[in-house]
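To keep things clear, I will list the structure first and then write my remarks on it.
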Amino acid sequence: MSQAPIKDNEVDIVIGALRSDLSSFFNEWRAYFSRFHLIIVKDPDLKEELKIPDGFSLNVYTKNDIDRIVGSTSISFSGYSCRYFGFLVSKKKYIISIDDDCHPAKDNKGNFVDAVAQHIENLTTPATPFFFNTLYDPYRDGADFVRGYPFSLRNGVNCALSCGLWLNLADLDAPTQALKPSERNNRYVDAVLTVPTAALLPVSGINIAFDREAVGPALFPALRLAEEGKVRWETIEDIWSGMCVKVICDHLGLGVKTGLPYVWRTDRGDAIESLKKEWEGVKLMEEVVPFLQSTMLPVTAATAEDCVVEMAKTVKQQLGSSNPVFGHAADSMLEWVRIWKTMGSRPS
Amino acid sequence: MAAGSRPAVTPLLKDELDIVIPTIRNLDFLEMWRPFFQPYHLIIVQDGDPSKTIKVPEGFDYELYNRNDINRILGPKASCISFKDSACRCFGYMVSKKKYVYTIDDDCFVAKDPSGKDINALEQHIKNLLSPSTPFFFNTLYDPYRDGADFVRGYPFSLRDGVPTAVSHGLWLNIPDYDAPTQLVKPLERNTRYVDAVMTIPKGTLFPMCGMNLAFDREMIGPAMYFGLMGDGQPIGRYDDMWAGWCTKVICDHLGLGIKTGLPYIWHSKASNPFVNLKKEYKGIFWQEELIPFFQQVALTKDCTTVQKCYLELSRQVKEKLGKVDDYFNKLADAMVTWIQAWDELNPAKADAAAAALANGASK
């Protein structure tokens, strides 16, 4: 099964900086990052200067840059949302984005995992959303389609989104982590698989990669919680955005993979504190999931931008009245498409 | 999180589970499984020449059925049970009186996990069946009920109770379950990757079910596990388990039941002859292009409230929509009805619902 070799200059690695001292982060990831161009976006609320070691090809964007480039907008790039600015200004085909509190993980043999290379492999090999392969990704070495897999479906479709996982501090919600404070994810599951069409999943932004040309506009900072904070337990923007991307990929016939690569996520924050502060995200999911499961996009929506616009309309109509946060999300989605189009028409 | 759904020690279920084994050769493989299988009752379905004696190793409690027994017990309905094909195993499901069935091929042995420890496949299947499935929303950390796993951020709490698990589909190390063309192209490929996961197959998604290492809740889904017309006198082979899997998945989706796949692994030792396989599968490779859209679009009506009703409705649609692909599907549809009739005769408690369905529904 042939694989198109990817050029390094087709990739941007986007890091949202929520901490100022990124020295150890970059040194740990150096072996995997240094070949590629990086876009670092500093959380507009972060006051301290960023500390980044030498030896990387990168552009750093701060609050001033964001304000200057995007201009007046209702979109907030505060906190975890800062990375979306990086997605916006990138000119590359593939984007990989990892939270700044993640480290390279080790696989079952004790070797460090090149998460960047794995994401690239996921994005450049086909996805198989229409039929489940029981040996998982059939394009991996040593695997294939099993008996009973229709031959007409073996070419697969383009993979637009690659969702990686986390060892140590898994991406559990605050109630769950609070209930099991010492639970850590030690299980390295050696699989990549395509999430079937029509199946939704909670897409975590912690360790993610996507084809910007195919679905770029569909990753947006739209669903902000009232008391959104600087730990993932206090956010839901990535889950919302990621689920919308899945609906859009299903509609456009693109694939979403989940599984490898793993990153090692540091213990950080206090689940109980987050729980005291913020239940809202957990409650919102009860409405979000049934809504997205029943969302149908019109045949005329042929691009990611069209799809986002259609989804925004439906969100406003069907969810807007139940909670103002959805109305704002719908507005943000439309605003995002506007900004995206404006950036796209600017000279490089 | 579904608290209390994880027993600290997996129950043996030795009086609630039968192990169904089809065989035409011998049962030597049972020696390796003895430490794990000995507590259980075995149902051996002997395929091929009934005058041959299949020796069962000492110390196992079993019942054995050959073709003469099948003909005697089912009479004319025996026509629905395949001959000269491991599909005959479903006769074992029908005569079992237990709640759970585990079926395994006679060329499957105990595998080792990455730490070198022997895998008790049956214990893992029981864990899978006794914990809920989550077909309505995909959990990125796979089975949330496993030790050390849980639901991830964003997973709605209202979906965390899950649904009952009807089927546990295990996998195989060493000889992978490839079709004949793939075997011919990659004769040396071996599955060496131990993927430490169990996961629920999402609602609405089909998969190719393999009968080599399979467990199910017979009371919940048994009548759907008909392995079709294969082997002697039939135009097709090696599609038995897949056919059962597609029917079962559609019915499980309709009834809100779950199917899991992944662990446990067994060690599959024997590579069947790819040229022989190609002859068996040949028509299936073409037919499956029609079968998949059929199963993807099949809709069961609201009054299909039992497995039998669902199955009979499926058989009606098979006749209507697939009969034109090949006359084989007309025969298969009839055999599906015969299967349900035979199932209900041998399992009378469920007969009333099915009898009503037969009276109302199955048009011939």
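For all residues, glycine too, the Cβ spot is worked out from N, Cα and C.
Features as listed in TrEMBL:
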CARBOHYD  B:R153  N-linked glycosylation site
SITE      B:R153  site 'Required for activity'
SITE      B:R160  site 'Required for activity'
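In sequence order, the list of same-chain residues 6 or more apart from the residue listed as 'N-linked glycosylation site' whose Cβ falls under 8 Å from its Cβ is empty. DSSP assigns B:R160 (site 'Required for activity') to coil, not to a helix or a strand. The residue listed as 'N-linked glycosylation site' falls within neither a helix nor a strand when secondary structure is assigned with DSSP, and so counts as coil. A 10 Å cutoff on Cβ-Cβ distances gives B:R160 (site 'Required for activity') a total of 20 other Cβ atoms nearby, all chains included.
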